[in-house]
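Reviewing the structure listed below.
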Amino acid sequence: MGSLCSRNKHYSQADDEENTQTAEIERRIEQETKADKHIQKLLLLGAGDSGKSTIFKQIKLLFQTGFDEAELKNYIPVIHANVYQTIKILHDGSKELAQNELEASKYLLSAENKEIGEKLSEIGGRLDYPRLTKDLVQDIEALWKDPAIQETLLRGNELQVPDCAHYFMENLERFSDIHYIPTKEDVLFARIRTTGVVEIQFSPVGENKKSGEVYRLFDVGGQRNERRKWIHLFEGVTAVIFCAAISEYDQTLFEDERKNRMMETKELFEWVLKQPCFEKTSFMLFLNKFDIFEQKVLKVPLNTCEWFKDYQSVSTGKQEIEHAYEFVKKKFEESYFQCTAPDRVDRVFKIYRTTALDQKLVKKTFKLVDETLRRRNLFEAGLL
């Protein structure tokens, strides 16, 4: 009898402990659910090479702890790969231009650089790249300085030459140092294609401050074959941040060289706007790469792009840059309102001029985004 009572007491204690654990788990789930309700979900979208991932890295630097030494070191093979890929594009481009252009001679490499070019092109085509050494840097510098490569660089918009080509070539010696650790700037310039989905949680004014919203930002692959992975992220989004590289109006897609990048961006922007799940979602349009745009637009006519064929130049210098920018901005505004029902006054739409590599500008822009979204939340709560 005593043993039965003892056993019942044991079972009772076990049940109590299990009930306590269950209650604790339920309490935690409830807390996490409540906490999640206060986290604003932001979706970072845009075509490939729009600068989305650079914006994402800036957020990590600005509003989180940045990159620790281990993370920085992980970028060494990425940066070395970028160097090899860049010099390969330029070398192969010069060969192609030398075969097909009327002024073929200016794209012909000097005799001493032909062999170097073939060697570097072979390295750039590998799946695994060697670490940069002083000898390889010497070869890359010799090829980079060849007049044929510099002429080819002027045709970079036709050849998928990355925007950061100059930066890589100016820092070769530092990249090849045996003790090299990438700087924050190196990481921002490093190019690695986003595949799948990456996320980060942050607050533009610090998570512990009552006045600040907490955001969860999702960056997704921009190439066409990556876009199907966006679908499951569409529900419950507070805002879409859409990046458009306005400097790429004369360039073609990496994955389809028949397609103009700006036309692809326009079509993607309009497709996203028409998605039913974004009916009430705020849109923040980042007209990105303005630093490149302001240099290019004075040399390459904006009406090179089919979408901008009605553009007419009115001035020179700064006035022309501003006129061209306002024209592009208006085109995106027209697209937005054409794709948005007239009664959708509850959907916020803002346009920001951005340069993803400019940390101060990115910080200022996200403060403005934060302010806009907080005002919208207060309005929806009836407090404004």
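Heads up, residue numbers simply count up from 1 along the chain you see.
Here the Cβ of each residue, glycine as well, is placed from N, Cα and C on the backbone.
Swiss-Prot annotations:
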- Cys5: S-palmitoyl cysteine (LIPID)
- 41-54: region 'G1 motif' (REGION)
- Asp49, Ser50, Gly51, Lys52, Ser53, Thr54, Asp163, Leu188, Thr194, Gly222, Asn288, Lys289, Asp291, Ala356: GTP binding site (BINDING)
- Ser53, Thr194: Mg(2+) binding site (BINDING)
- 215-224: region 'G3 motif' (REGION)
Is it possible to list how many residues within the region 'G1 motif' (41-54) are helical, extended or coil according to DSSP?
3 helix, 6 strand, 5 coil
In three-state DSSP terms, Thr194 (GTP binding site) is classed as coil
For the binding-site residues Asp49, Asp163, Asp291, the one whose C-beta sees the most other C-beta atoms within 10 angstroms
Asp49
Most crowded position, judged by CB atoms within 10 A, among Ser53, Thr194, Asn288 as binding-site residues
Asn288
Between 0 and 100, where does the mean pLDDT of the region 'G1 motif' (41-54) sit?
92
